[in-house]
10 protein chains.
Amino acid sequence: MSTQPSKQLETFDNATPDRDYTIHIETSEFTCLCPKTGQPDFATIKLDYVPDEKCVELKAFKLYMWSYRDQGAFHEKVTNTILDDLVAVCQPRFMRITGIFNVRGGVYTTVVAEYRKEGWVAPEPVTLP
Amino acid sequence: MSTQPSKQLETFDNATPDRDYTIHIETSEFTCLCPKTGQPDFATIKLDYVPDEKCVELKAFKLYMWSYRDQGAFHEKVTNTILDDLVAVCQPRFMRITGIFNVRGGVYTTVVAEYRKEGWVAPEPVTLP
Amino acid sequence: MSTQPSKQLETFDNATPDRDYTIHIETSEFTCLCPKTGQPDFATIKLDYVPDEKCVELKAFKLYMWSYRDQGAFHEKVTNTILDDLVAVCQPRFMRITGIFNVRGGVYTTVVAEYRKEGWVAPEPVTLP
Amino acid sequence: MSTQPSKQLETFDNATPDRDYTIHIETSEFTCLCPKTGQPDFATIKLDYVPDEKCVELKAFKLYMWSYRDQGAFHEKVTNTILDDLVAVCQPRFMRITGIFNVRGGVYTTVVAEYRKEGWVAPEPVTLP
Amino acid sequence: MSTQPSKQLETFDNATPDRDYTIHIETSEFTCLCPKTGQPDFATIKLDYVPDEKCVELKAFKLYMWSYRDQGAFHEKVTNTILDDLVAVCQPRFMRITGIFNVRGGVYTTVVAEYRKEGWVAPEPVTLP
Amino acid sequence: MSTQPSKQLETFDNATPDRDYTIHIETSEFTCLCPKTGQPDFATIKLDYVPDEKCVELKAFKLYMWSYRDQGAFHEKVTNTILDDLVAVCQPRFMRITGIFNVRGGVYTTVVAEYRKEGWVAPEPVTLP
Amino acid sequence: MSTQPSKQLETFDNATPDRDYTIHIETSEFTCLCPKTGQPDFATIKLDYVPDEKCVELKAFKLYMWSYRDQGAFHEKVTNTILDDLVAVCQPRFMRITGIFNVRGGVYTTVVAEYRKEGWVAPEPVTLP
Amino acid sequence: MSTQPSKQLETFDNATPDRDYTIHIETSEFTCLCPKTGQPDFATIKLDYVPDEKCVELKAFKLYMWSYRDQGAFHEKVTNTILDDLVAVCQPRFMRITGIFNVRGGVYTTVVAEYRKEGWVAPEPVTLP
Amino acid sequence: MSTQPSKQLETFDNATPDRDYTIHIETSEFTCLCPKTGQPDFATIKLDYVPDEKCVELKAFKLYMWSYRDQGAFHEKVTNTILDDLVAVCQPRFMRITGIFNVRGGVYTTVVAEYRKEGWVAPEPVTLP
Amino acid sequence: MSTQPSKQLETFDNATPDRDYTIHIETSEFTCLCPKTGQPDFATIKLDYVPDEKCVELKAFKLYMWSYRDQGAFHEKVTNTILDDLVAVCQPRFMRITGIFNVRGGVYTTVVAEYRKEGWVAPEPVTLP
Ligand SMILES: [Ca+2]
Ligand SMILES: [Ca+2]
Ligand SMILES: [Ca+2]
Ligand SMILES: [Ca+2]
Ligand SMILES: [Ca+2]
Ligand SMILES: [Ca+2]
Ligand SMILES: [Ca+2]
Ligand SMILES: [Ca+2]
Ligand SMILES: [Ca+2]
Ligand SMILES: [Ca+2]
Ligand SMILES: [Ca+2]
Ligand SMILES: [Ca+2]
Ligand SMILES: [Ca+2]
Ligand SMILES: [Ca+2]
Ligand SMILES: [Ca+2]
Ligand SMILES: [Ca+2]
């Protein structure tokens, strides 16, 4: 695998497809450009998902994050696009992207978007005391 | 867009209207005047919403916050008014305003108000373990 | 309004009675006397409520807290009494009192009591991701 | 009341039996002996309950905790026994004991056990925004 | 019991099998090898379970964690394997394994997997105010 | 010893007078009255000292704190008075009083005053890496 | 005393002039205008001083802070000006002003300025272990 | 070595006696009895020292802490005694004992005592920026 | 001033040159490229200085940080270079740069470098109790 | 450079040898074996140094840490050995190693050792207010 920024997200086979389980991936090293001013924006990106047949490869995830470094991107739109791209390659049962953007003008912004595979029902959560 | 305080909230088109997703915006730079004493009050204002056709423009949000700087405002009332004003311009599926006011007389006050569009049903939350 | 300790709680008209919204008020300046030893007890008192026609006036809330300064009071009983007194004057849709008492003999005690107006149904909570 | 360690838990009458409310009691001063090695173990013990006719007396609770000082006790078993003893004397509507034991061999252990009175139904929780 | 790393998990009889209760065990001393690079990986492993007839012996749990020290293991797979191994020996009513892996390449990963015994229904959680 | 508020501070003999060592005592249960408004003020009081022949008795320290409950007191003055009173009874080698007062009008105040016995030289501090 | 914003700082007599002691005053309710953009700036202002003959009156301190609400002010300059103004009215032995300004453009700024009365020597600090 | 509580502190040879270096040891598992009431007291004990020829053996340190479990002990005295006992067996170049006792009657107490070997001079501390 | 990345640092006249005072500037939005792998590195950069005739202009500071976005830079070298560049343009009395770099391979790195103008002596610090 | 555990520490030339500056390196991924029980020990290792002609290469530092994975090591001795090894290869002006070891038997241990090159004098620290 190259160490170039890349929109090509890679996956590997889920070794435990018979079980709904959760993978959480998080990086505070996301940066893109503001489409209005051209100046750098910074964010923490969180990914939570329940894999189906495929899992997101970690290094490819990192190179994908890198691919936004020279790209203009609005907060609301880029969060939804990252979700769409990740859903497209790994076809999960459930996926959530959270984008926590750095303060601008005294204002903090967080955007959260989710995908649920048609027909998939989340397991009833067990709340232990 | 001017950099004057302004009650004119601006919006932009939601690029992902087919999906219920969440936008969280927060500023600790809200200040108004106490209607009883005329002295400054300070608060943190949080906005959480699920957009429909329109999103709240961030700079306009900031100028709107600024518009309260010389205005008398009760904690309970102003929180509800901010909600009404934001609902009026962006017609969201859901919106919540949280006003966290600075301590006065040893007493801390927080006010939270919500709007739900008629007919809109919140997506069943997925609680991942 | 006097600045004497007072059991007289005052209210003002709720300006937004058509909406269920939440008001949170909190003070760490509650002190009373232990009925067994006569020594001072200290607590943080939290009030959460959904107003109906009337809201609790903040300064009167403070003077009411003050009224316990020379009064003996058991943790469990005083938390319920504060709830009863506040319900009596403002007839809320919902109210919760939390009393967090200072450690005594290495033991921490917290008491929480709630009131719900007959016929009032809490709005279905919207849990945003 | 003596100031000797004692398994005799004392209670007092609940002054507000018509209302389901919560009492939380917590101490970080629990110590017993490890049945395998004879060495001291330490824990924080939390008690949450909804009283029925009787409340747990705080000083007696402390003396009861003290009674384990020279007694061998397994983490899982002692947490359940404390629950049984407290249920026996105060017959609550609901009770939960949480035992948070000090790290041993790099491993942290917490045990949580609950009792619900037959026929008692927990009030529907009100989640305020 | 030896003090060698061991895949042999030991159990002891649950002294309170008539009650659904929770045992939480946690260690930050898990280390294995990355199957790709051969370099050490580090994680915190959390175990939450509701025992049936058997409880997990703490020292054996520690030796089992130790058994991964020289073994290659992917984050997603090893979390599921630990769950399978623990379920196999203690046949719990419910079990959850959480693996919180150290940052690699600026990316943090957490994996969570659960097992529920067929026919077991989690007790309705009591949410106290 | 009575359990009445009392300006009578009691002491006991320092069992280790040949060594300069430090005693730190702290309570967050100090309350007095504001001389301007008559309303309650609250503070945390910290005492640090190097004893000479006498140590401050803890229960008497608590009753002395209690003695301010119905007394008017300015922040700056009362901190210095507490220092003077404690110095008078225990004649320490060094003493420091820190008064951390609750926020009033959005303003936090802390006052710190020290006493050094004539001729006493503080030991050269050993700063370990 | 009026409750208008005011550059008139008031003082009261130091009741303990024979002792070097420290008064710390802090507010997070400072706001002024940016001289370049005209937009509001926000800061926390901390004052530490050793009084000589006069102490800073707290309410006047608050009204003085308020006086910057409609005034343009650079971070570096305004911190030094606040120091000059406070030194002018209370002629302290030592004074320090710390201005902690809100993030702007992703950059946080803090400015600290000090005054020492000619001839005043700080007491040798006692560092207790 | 036995696993009985023991006043016999054991040591081992310092392998690096040519260098002044620091060893910090800390336990939150100290408990003794209050000499006035006979009730348990709890504390965290911290030990900092610069060894000379001998180091404190960790397991013996733990058994020594255990030896106070059934012993009456005043806060100030026991901290100095622990220092004396440790100095006697390991003859360090420098040693400090910090005893942080649990709150009693709303009052927190910490005691710190130090020993310096005659003729030993602490290395000039290097404060890196 | 442009909003392009720029090595041109701008300054403005220090309005209070007669006083040694401190300016602290901090951003967590520094990113450069690793000279070995070409991959992005991230850091928080802190600047502390005592200005002489000139102060660092904040927006220019931000654009200067931006100028490293496409540049290869070793942690140790770049921290010293930033110091040299800032010293060159504003000729301060004292300046310190702290570079806190993101974890790589499980290892965290921080680099701190200082400049002192020849002949400048730091004011004796006043340590208030 | 290999990715095998290695006692061979590598260095690179210090690009700024004319300036005393500080490099801080830290990893929480140190593990060795207890010489008494053979069981794994875990620690966080911190390195602070002022380089002279050579800097410690980060990847070699990591491989050196790895080299302890199968080696028995006492806390006090291994901290001093790491210092000796690093001093030997990079001959710094100053170096400090801090080893923070995981709790064992309820006891936490930290060891700190320093090296100063003969004739090197630490720069007078500048303490900014
Ligand atoms: Ca940030
Ligand atoms: Ca629960
Ligand atoms: Ca505030
Ligand atoms: Ca308290
Ligand atoms: Ca959610
Ligand atoms: Ca503990
Ligand atoms: Ca809510
Ligand atoms: Ca880690
Ligand atoms: Ca307070
Ligand atoms: Ca702020
Ligand atoms: Ca010290
Ligand atoms: Ca404690
Ligand atoms: Ca420094
Ligand atoms: Ca980071
Ligand atoms: Ca650890
Ligand atoms: Ca300073």
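Cβ atoms here come from the backbone N, Cα and C positions, even for glycine.
What TrEMBL lists as active site, thioimide intermediate is A:Cys34. The active site, proton donor feature in TrEMBL is assigned to A:Asp41. According to TrEMBL, the substrate binding site annotation covers A:Val56, A:Glu57, A:Leu58, A:His75, A:Glu76.
Within 10 Å of A:Asp41 (active site, proton donor), counting CA to CA, the recorded positions A:Cys34, A:Leu58, A:His75 contribute A:Cys34, A:His75. A:Cys34 (active site, thioimide intermediate) has its Cα within 10 Å of the Cα of none of the binding-site residues A:Val56, A:Glu57, A:Leu58. Residues from the set of recorded positions A:Asp41, A:Val56, A:Leu58 situated with their C-beta under 8 Å of a chain E C-beta: A:Leu58.
Look at A:Cys34 (active site, thioimide intermediate): DSSP puts it in coil. Residues A:Val56, A:Glu57, A:Leu58, A:His75, A:Glu76 are the ones the record ties to substrate, and the longest Cα gap between any two of them is 25 Å. The number of other Cβ atoms within 10 Å of the Cβ belonging to A:Glu76 (substrate binding site), over all protein chains shown, comes to 22.
Ranking the recorded positions A:Cys34, A:Leu58 by other CB atoms within 10 A of the CB puts A:Cys34 at the bottom. Sorted by the number of other CB atoms within 10 A, the recorded positions A:Asp41, A:Glu57 start with A:Glu57, the lowest. Applying an under-8 Å Cβ distance to chain B, the recorded positions A:Cys34, A:Val56, A:Leu58 reduce to an empty list. Secondary structure at A:Val56 (substrate binding site), as computed by DSSP, is strand.
Under a cutoff of 8 A between CB atoms, and with a sequence separation of 6+ in the same chain, the neighbours of A:Val56 (substrate binding site) are A:Leu9, A:Thr11, A:Ile23, A:Ile25, A:Leu47, A:Tyr49, A:Leu86, A:Val89, A:Cys90. The residue listed as 'active site, proton donor' carries a strand DSSP state (E or B).
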